[in-house]
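Colleague: My structure is below; once you've seen it, I'll send some questions.
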Amino acid sequence: MTLTHRERFRIRIFLVILAIGLIDGLLYSLNYGADLDAQLRGAVTGLLVVVPIGLWETWLSTAAIGRFVRRQRAAITVLISSGIYLSSILFGIHTGAVLFDDAEKAESLLGVISDESFAFAVAISLLMNLIFQIRRILGPDVMVQFLTGRYHHPREEDRVILFLDIRGSTAIAEQIGALRFLDFLNRFYADLSEPILETGGQIYRYVGDEIIVTWPMERAARNAGCFRLLQLAEAVIAQHAAHYERTYGTVPAWRAALHCGRVAVGELGDIRQEIVLIGDAVNVTARLVDHARATGEEAVASADLIRRLQIPSPIPMRPLGPIDIRGRREPLEVYGLGALPPNRSGMAAAGAASATDRPGATAASSRPSAAAADVAGSSQPIA
(Lines of atoms letter the chains of each structure in order from A and count residues from 1; the text may use other names and numbers.)
(Lines give C-alpha, C1' and ligand atoms only; values in the text may rest on other atoms or scores of the structure.)
Protein backbone atom coordinates (compact mmCIF):
# COMPACT_ATOMS: atom_id res chain seq x y z
CA MET A 1 0.00 0.00 0.00
CA THR A 2 1.37 3.39 -1.02
CA LEU A 3 1.01 6.11 1.58
CA THR A 4 0.33 9.69 0.57
CA HIS A 5 2.66 12.46 1.67
CA ARG A 6 0.08 13.63 4.21
CA GLU A 7 -0.31 10.12 5.67
CA ARG A 8 3.46 9.84 6.03
CA PHE A 9 3.49 13.30 7.60
CA ARG A 10 0.83 12.25 10.12
CA ILE A 11 2.73 9.09 11.00
CA ARG A 12 5.92 11.10 11.59
CA ILE A 13 4.08 13.53 13.86
CA PHE A 14 2.47 10.62 15.73
CA LEU A 15 5.87 8.96 16.26
CA VAL A 16 7.34 12.25 17.51
CA ILE A 17 4.46 12.56 19.99
CA LEU A 18 5.07 8.98 21.15
CA ALA A 19 8.76 9.73 21.64
CA ILE A 20 7.93 12.85 23.68
CA GLY A 21 5.53 10.82 25.83
CA LEU A 22 8.13 8.10 26.36
CA ILE A 23 10.82 10.58 27.43
CA ASP A 24 8.40 12.52 29.62
CA GLY A 25 7.21 9.29 31.23
CA LEU A 26 10.77 8.22 32.02
CA LEU A 27 11.46 11.59 33.64
CA TYR A 28 8.16 11.43 35.57
CA SER A 29 9.09 7.94 36.83
CA LEU A 30 11.95 9.44 38.84
CA ASN A 31 9.27 10.31 41.41
CA TYR A 32 9.01 6.57 42.09
CA GLY A 33 12.73 5.74 42.03
CA ALA A 34 15.41 4.89 39.51
CA ASP A 35 14.94 1.10 39.43
CA LEU A 36 13.80 -0.84 36.37
CA ASP A 37 10.21 -1.24 37.58
CA ALA A 38 9.85 2.51 38.07
CA GLN A 39 11.31 3.20 34.63
CA LEU A 40 8.97 0.66 33.03
CA ARG A 41 6.01 2.21 34.80
CA GLY A 42 7.02 5.67 33.62
CA ALA A 43 7.48 4.55 30.01
CA VAL A 44 4.11 2.79 29.88
CA THR A 45 2.36 5.70 31.60
CA GLY A 46 3.93 8.19 29.21
CA LEU A 47 2.76 6.21 26.18
CA LEU A 48 -0.75 5.82 27.62
CA VAL A 49 -0.87 9.59 28.07
CA VAL A 50 0.19 10.58 24.56
CA VAL A 51 -1.53 7.96 22.39
CA PRO A 52 -4.96 9.71 22.62
CA ILE A 53 -3.26 13.10 22.15
CA GLY A 54 -1.39 11.80 19.12
CA LEU A 55 -4.57 10.41 17.58
CA TRP A 56 -6.33 13.73 18.14
CA GLU A 57 -3.56 15.88 16.68
CA THR A 58 -2.79 13.70 13.66
CA TRP A 59 -6.11 12.23 12.56
CA LEU A 60 -9.14 13.40 14.56
CA SER A 61 -8.22 17.09 14.34
CA THR A 62 -8.61 16.95 10.55
CA ALA A 63 -11.98 15.20 10.74
CA ALA A 64 -15.30 17.01 11.07
CA ILE A 65 -15.05 17.35 14.86
CA GLY A 66 -11.52 18.76 14.59
CA ARG A 67 -12.52 21.31 11.97
CA PHE A 68 -15.42 22.36 14.19
CA VAL A 69 -13.04 22.95 17.11
CA ARG A 70 -10.57 24.92 14.98
CA ARG A 71 -13.32 27.20 13.69
CA GLN A 72 -14.11 28.42 17.21
CA ARG A 73 -12.56 31.47 18.82
CA ALA A 74 -8.98 31.01 19.93
CA ALA A 75 -9.86 30.94 23.65
CA ILE A 76 -12.55 28.30 23.10
CA THR A 77 -10.24 26.23 20.90
CA VAL A 78 -7.55 26.35 23.59
CA LEU A 79 -10.03 25.35 26.30
CA ILE A 80 -11.41 22.41 24.31
CA SER A 81 -7.95 21.21 23.29
CA SER A 82 -6.60 21.61 26.82
CA GLY A 83 -9.57 19.61 28.10
CA ILE A 84 -8.73 16.82 25.67
CA TYR A 85 -5.06 16.88 26.69
CA LEU A 86 -5.91 16.98 30.40
CA SER A 87 -8.33 14.07 30.08
CA SER A 88 -5.72 12.08 28.20
CA ILE A 89 -3.04 12.81 30.80
CA LEU A 90 -5.30 11.89 33.71
CA PHE A 91 -6.35 8.73 31.88
CA GLY A 92 -2.72 7.75 31.30
CA ILE A 93 -1.66 8.43 34.89
CA HIS A 94 -4.65 6.56 36.30
CA THR A 95 -4.33 3.56 33.97
CA GLY A 96 -0.59 3.33 34.53
CA ALA A 97 -1.05 3.43 38.30
CA VAL A 98 -3.70 0.71 38.12
CA LEU A 99 -1.49 -1.50 35.96
CA PHE A 100 1.48 -1.23 38.30
CA ASP A 101 -0.28 -0.88 41.67
CA ASP A 102 -3.24 -2.40 43.47
CA ALA A 103 -6.11 -2.92 41.01
CA GLU A 104 -8.57 -1.93 43.71
CA LYS A 105 -7.43 1.65 43.21
CA ALA A 106 -9.21 1.62 39.86
CA GLU A 107 -12.40 2.30 41.77
CA SER A 108 -11.24 5.82 42.55
CA LEU A 109 -9.50 8.24 40.22
CA LEU A 110 -8.35 10.33 43.15
CA GLY A 111 -6.89 7.23 44.76
CA VAL A 112 -3.98 7.18 42.35
CA ILE A 113 -3.66 10.87 41.36
CA SER A 114 -2.14 13.18 43.91
CA ASP A 115 -2.38 16.95 43.98
CA GLU A 116 1.12 17.06 42.52
CA SER A 117 0.14 14.71 39.68
CA PHE A 118 -2.94 16.76 38.91
CA ALA A 119 -0.96 20.00 38.84
CA PHE A 120 1.62 18.29 36.62
CA ALA A 121 -1.17 17.15 34.27
CA VAL A 122 -2.64 20.64 34.00
CA ALA A 123 0.77 22.20 33.33
CA ILE A 124 1.69 19.63 30.67
CA SER A 125 -1.71 19.90 28.95
CA LEU A 126 -1.38 23.68 28.68
CA LEU A 127 2.24 23.41 27.47
CA MET A 128 1.40 20.82 24.81
CA ASN A 129 -1.59 22.84 23.67
CA LEU A 130 0.60 25.95 23.39
CA ILE A 131 3.18 24.04 21.33
CA PHE A 132 0.58 22.71 18.91
CA GLN A 133 -1.08 26.11 18.57
CA ILE A 134 2.29 27.73 17.78
CA ARG A 135 2.95 24.94 15.28
CA ARG A 136 -0.32 25.72 13.52
CA ILE A 137 0.44 29.44 13.42
CA LEU A 138 3.99 29.05 12.12
CA GLY A 139 3.54 25.83 10.17
CA PRO A 140 5.31 22.57 11.04
CA ASP A 141 8.35 23.17 8.83
CA VAL A 142 8.87 26.75 9.99
CA MET A 143 8.62 25.80 13.66
CA VAL A 144 11.29 23.13 13.23
CA GLN A 145 13.47 25.58 11.30
CA PHE A 146 13.19 28.16 14.08
CA LEU A 147 13.95 25.61 16.81
CA THR A 148 16.95 24.14 14.99
CA GLY A 149 18.25 27.53 13.88
CA ARG A 150 18.47 26.34 10.27
CA TYR A 151 18.08 29.86 8.90
CA HIS A 152 19.50 31.85 11.80
CA HIS A 153 22.33 32.65 9.41
CA PRO A 154 21.00 33.33 5.89
CA ARG A 155 21.72 30.71 3.26
CA GLU A 156 21.07 30.35 -0.46
CA GLU A 157 18.78 27.62 -1.79
CA ASP A 158 17.24 26.61 -5.09
CA ARG A 159 13.47 26.84 -4.74
CA VAL A 160 10.39 26.37 -6.89
CA ILE A 161 7.87 29.12 -6.17
CA LEU A 162 4.12 29.15 -6.77
CA PHE A 163 1.94 32.25 -6.53
CA LEU A 164 -1.77 31.40 -6.53
CA ASP A 165 -4.57 33.91 -6.10
CA ILE A 166 -8.36 33.85 -6.38
CA ARG A 167 -9.86 35.24 -9.56
CA GLY A 168 -12.53 37.87 -9.05
CA SER A 169 -11.79 38.17 -5.33
CA THR A 170 -12.81 41.83 -5.17
CA ALA A 171 -16.23 41.08 -6.65
CA ILE A 172 -16.70 38.12 -4.31
CA ALA A 173 -15.80 40.24 -1.27
CA GLU A 174 -18.27 42.92 -2.32
CA GLN A 175 -20.97 40.33 -2.88
CA ILE A 176 -20.70 38.40 0.39
CA GLY A 177 -19.09 41.00 2.68
CA ALA A 178 -15.66 41.17 4.31
CA LEU A 179 -16.42 38.82 7.22
CA ARG A 180 -17.86 36.05 5.07
CA PHE A 181 -15.07 36.56 2.54
CA LEU A 182 -12.51 35.92 5.29
CA ASP A 183 -14.37 32.71 6.14
CA PHE A 184 -14.38 31.88 2.42
CA LEU A 185 -10.60 32.32 2.28
CA ASN A 186 -10.11 30.19 5.39
CA ARG A 187 -12.13 27.37 3.86
CA PHE A 188 -10.29 27.66 0.55
CA TYR A 189 -6.86 27.59 2.18
CA ALA A 190 -7.91 24.67 4.40
CA ASP A 191 -8.97 22.73 1.30
CA LEU A 192 -5.57 23.44 -0.29
CA SER A 193 -3.71 22.06 2.72
CA GLU A 194 -3.90 18.41 1.71
CA PRO A 195 -2.72 18.95 -1.89
CA ILE A 196 0.15 21.08 -0.57
CA LEU A 197 1.21 18.43 1.94
CA GLU A 198 0.74 15.61 -0.55
CA THR A 199 3.05 17.27 -3.07
CA GLY A 200 5.66 18.20 -0.45
CA GLY A 201 5.08 21.95 -0.63
CA GLN A 202 5.65 24.48 2.13
CA ILE A 203 3.29 27.39 2.71
CA TYR A 204 5.52 30.44 2.66
CA ARG A 205 2.99 33.21 3.14
CA TYR A 206 -0.64 34.28 2.84
CA VAL A 207 -1.10 37.69 1.23
CA GLY A 208 -4.82 38.40 1.35
CA ASP A 209 -6.41 36.30 -1.38
CA GLU A 210 -3.00 35.03 -2.51
CA ILE A 211 -1.03 32.07 -1.20
CA ILE A 212 2.68 31.51 -1.86
CA VAL A 213 3.98 27.93 -1.79
CA THR A 214 7.57 26.77 -2.24
CA TRP A 215 9.40 23.49 -2.80
CA PRO A 216 13.11 22.75 -2.46
CA MET A 217 14.34 22.22 -6.01
CA GLU A 218 15.52 18.66 -5.42
CA ARG A 219 12.10 17.68 -4.03
CA ALA A 220 10.22 19.27 -6.91
CA ALA A 221 12.53 17.59 -9.41
CA ARG A 222 11.60 14.16 -8.05
CA ASN A 223 7.84 14.33 -8.57
CA ALA A 224 6.98 17.64 -10.25
CA GLY A 225 4.74 18.29 -7.27
CA CYS A 226 4.38 21.96 -8.13
CA PHE A 227 2.44 20.99 -11.26
CA ARG A 228 0.49 18.20 -9.57
CA LEU A 229 -0.64 20.61 -6.86
CA LEU A 230 -2.76 22.54 -9.34
CA GLN A 231 -4.53 19.39 -10.48
CA LEU A 232 -5.05 18.06 -6.97
CA ALA A 233 -6.43 21.44 -5.93
CA GLU A 234 -8.93 21.22 -8.79
CA ALA A 235 -10.02 17.82 -7.49
CA VAL A 236 -10.52 19.06 -3.93
CA ILE A 237 -12.46 22.17 -4.95
CA ALA A 238 -14.62 20.13 -7.34
CA GLN A 239 -15.37 17.76 -4.47
CA HIS A 240 -16.57 20.65 -2.28
CA ALA A 241 -18.13 22.78 -5.03
CA ALA A 242 -21.68 22.20 -3.78
CA HIS A 243 -20.71 23.41 -0.30
CA TYR A 244 -19.08 26.57 -1.68
CA GLU A 245 -22.09 27.32 -3.87
CA ARG A 246 -24.53 26.71 -1.04
CA THR A 247 -22.57 28.65 1.59
CA TYR A 248 -20.99 31.50 -0.38
CA GLY A 249 -22.89 31.54 -3.66
CA THR A 250 -19.70 30.96 -5.68
CA VAL A 251 -16.99 28.37 -6.25
CA PRO A 252 -13.37 29.61 -6.04
CA ALA A 253 -11.36 29.79 -9.25
CA TRP A 254 -7.76 30.90 -9.35
CA ARG A 255 -4.78 31.89 -11.43
CA ALA A 256 -1.28 30.63 -10.77
CA ALA A 257 2.34 31.28 -11.75
CA LEU A 258 5.32 28.96 -11.34
CA HIS A 259 9.01 29.81 -11.51
CA CYS A 260 12.26 28.68 -9.92
CA GLY A 261 15.61 30.09 -8.97
CA ARG A 262 18.14 30.71 -6.26
CA VAL A 263 16.91 32.68 -3.25
CA ALA A 264 18.35 33.83 0.05
CA VAL A 265 16.49 32.30 3.00
CA GLY A 266 16.85 33.58 6.54
CA GLU A 267 15.23 34.89 9.69
CA LEU A 268 14.08 38.50 9.53
CA GLY A 269 12.91 40.85 12.27
CA ASP A 270 13.51 41.53 15.95
CA ILE A 271 10.40 41.77 18.13
CA ARG A 272 8.53 39.76 15.47
CA GLN A 273 10.49 37.27 13.41
CA GLU A 274 9.69 35.27 10.32
CA ILE A 275 11.62 33.25 7.78
CA VAL A 276 11.71 35.09 4.45
CA LEU A 277 12.75 34.35 0.88
CA ILE A 278 14.51 37.14 -0.99
CA GLY A 279 15.70 37.05 -4.56
CA ASP A 280 14.96 37.59 -8.21
CA ALA A 281 12.99 34.33 -8.40
CA VAL A 282 10.35 35.64 -5.97
CA ASN A 283 10.00 38.93 -7.86
CA VAL A 284 9.75 37.18 -11.23
CA THR A 285 7.02 34.83 -9.99
CA ALA A 286 5.02 37.83 -8.78
CA ARG A 287 5.42 39.44 -12.21
CA LEU A 288 4.28 36.21 -13.88
CA VAL A 289 1.04 36.08 -11.92
CA ASP A 290 0.47 39.74 -12.89
CA HIS A 291 1.01 38.71 -16.52
CA ALA A 292 -1.51 35.88 -16.14
CA ARG A 293 -4.00 38.34 -14.67
CA ALA A 294 -3.52 40.80 -17.53
CA THR A 295 -3.78 38.18 -20.30
CA GLY A 296 -6.53 36.03 -18.79
CA GLU A 297 -4.34 32.93 -18.45
CA GLU A 298 -5.29 30.51 -15.69
CA ALA A 299 -1.76 29.24 -15.06
CA VAL A 300 1.67 30.04 -16.45
CA ALA A 301 5.14 28.63 -15.89
CA SER A 302 8.56 29.84 -16.90
CA ALA A 303 10.66 27.89 -19.36
CA ASP A 304 13.43 28.00 -16.73
CA LEU A 305 11.30 25.78 -14.49
CA ILE A 306 9.97 23.48 -17.20
CA ARG A 307 13.50 22.86 -18.46
CA ARG A 308 14.73 21.81 -15.02
CA LEU A 309 11.94 19.37 -14.13
CA GLN A 310 11.42 15.83 -15.32
CA ILE A 311 7.65 15.97 -15.67
CA PRO A 312 6.37 12.38 -15.35
CA SER A 313 2.92 12.85 -16.90
CA PRO A 314 1.63 14.61 -20.00
CA ILE A 315 1.14 18.26 -19.21
CA PRO A 316 -0.85 20.40 -21.66
CA MET A 317 1.18 23.52 -22.32
CA ARG A 318 1.62 26.04 -25.07
CA PRO A 319 4.34 28.65 -25.63
CA LEU A 320 3.28 32.21 -24.93
CA GLY A 321 6.56 33.60 -26.19
CA PRO A 322 9.12 35.74 -24.39
CA ILE A 323 7.80 38.49 -22.13
CA ASP A 324 9.57 41.44 -20.59
CA ILE A 325 9.92 41.22 -16.82
CA ARG A 326 10.48 44.46 -14.97
CA GLY A 327 13.92 44.40 -13.38
CA ARG A 328 15.36 41.80 -15.78
CA ARG A 329 17.54 42.63 -18.75
CA GLU A 330 16.50 39.63 -20.84
CA PRO A 331 12.94 38.57 -21.72
CA LEU A 332 11.64 35.40 -20.07
CA GLU A 333 10.14 32.56 -22.07
CA VAL A 334 6.73 31.66 -20.63
CA TYR A 335 4.35 28.75 -21.17
CA GLY A 336 0.62 28.61 -20.55
CA LEU A 337 -0.63 25.53 -18.73
CA GLY A 338 -3.86 24.12 -20.09
CA ALA A 339 -6.72 23.03 -17.85
CA LEU A 340 -6.15 19.60 -16.34
CA PRO A 341 -9.19 17.44 -15.53
CA PRO A 342 -9.46 17.04 -11.74
CA ASN A 343 -8.42 13.59 -10.55
CA ARG A 344 -6.22 12.10 -7.86
CA SER A 345 -3.69 10.39 -10.11
CA GLY A 346 -1.86 13.46 -11.40
CA MET A 347 -2.31 12.27 -15.00
CA ALA A 348 -3.56 14.64 -17.65
CA ALA A 349 -6.38 13.90 -20.04
CA ALA A 350 -5.81 11.86 -23.17
CA GLY A 351 -4.84 14.00 -26.09
CA ALA A 352 -2.99 16.59 -24.00
CA ALA A 353 0.43 17.68 -25.14
CA SER A 354 3.05 15.28 -23.87
CA ALA A 355 5.99 16.14 -21.67
CA THR A 356 8.23 15.80 -24.71
CA ASP A 357 6.71 19.02 -26.05
CA ARG A 358 8.34 21.02 -23.28
CA PRO A 359 11.58 22.90 -23.93
CA GLY A 360 14.69 20.78 -23.98
CA ALA A 361 12.87 17.45 -24.41
CA THR A 362 13.38 15.18 -27.42
CA ALA A 363 11.53 12.21 -28.87
CA ALA A 364 11.62 10.23 -32.10
CA SER A 365 8.14 11.35 -33.07
CA SER A 366 8.27 14.89 -31.73
CA ARG A 367 10.71 17.65 -32.60
CA PRO A 368 10.84 20.76 -30.40
CA SER A 369 9.97 24.03 -32.04
CA ALA A 370 12.72 26.50 -32.82
CA ALA A 371 11.63 28.66 -29.90
CA ALA A 372 11.70 25.69 -27.54
CA ALA A 373 15.11 24.66 -28.85
CA ASP A 374 16.43 28.15 -28.26
CA VAL A 375 15.13 28.06 -24.67
CA ALA A 376 16.60 24.62 -24.10
CA GLY A 377 19.96 25.71 -25.40
CA SER A 378 20.22 28.88 -23.41
CA SER A 379 20.63 29.56 -19.74
CA GLN A 380 19.21 32.59 -17.99
CA PRO A 381 21.08 33.27 -14.74
CA ILE A 382 18.89 34.04 -11.75
CA ALA A 383 20.35 36.16 -9.01
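Note: Cβ is positioned from N, Cα and C throughout, glycine not excepted.
Caution: TrEMBL annotation is automatic and unverified by curators.
Remember, predicted model here, so these are calculated numbers, not experimental data.
So TrEMBL lists these for the protein:
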| type | residues | note |
| --- | --- | --- |
| TRANSMEM | 12-30 | transmembrane segment |
| TRANSMEM | 42-62 | transmembrane segment |
| TRANSMEM | 74-97 | transmembrane segment |
| TRANSMEM | 117-134 | transmembrane segment |
| DOMAIN | 160-289 | domain 'Guanylate cyclase' |
| REGION | 340-383 | region 'Disordered' |
| COMPBIAS | 345-383 | compositional bias 'Low complexity' |
Colleague: Do any residues, 6 or more residues outside the transmembrane segment (117-134), come within under 8 Å Cβ-to-Cβ of it, and if so which ones?
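Modeller: Hits for the transmembrane segment (117-134): 24, 28, 53, 57, 74, 77-78, 81-82, 85-86, 88-90, 93, 143.
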Colleague: Mind tallying the domain 'Guanylate cyclase' (160-289) by DSSP state, helix then strand then coil?
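Modeller: So the domain 'Guanylate cyclase' (160-289) is made up of 69 helix, 40 strand, 21 coil.
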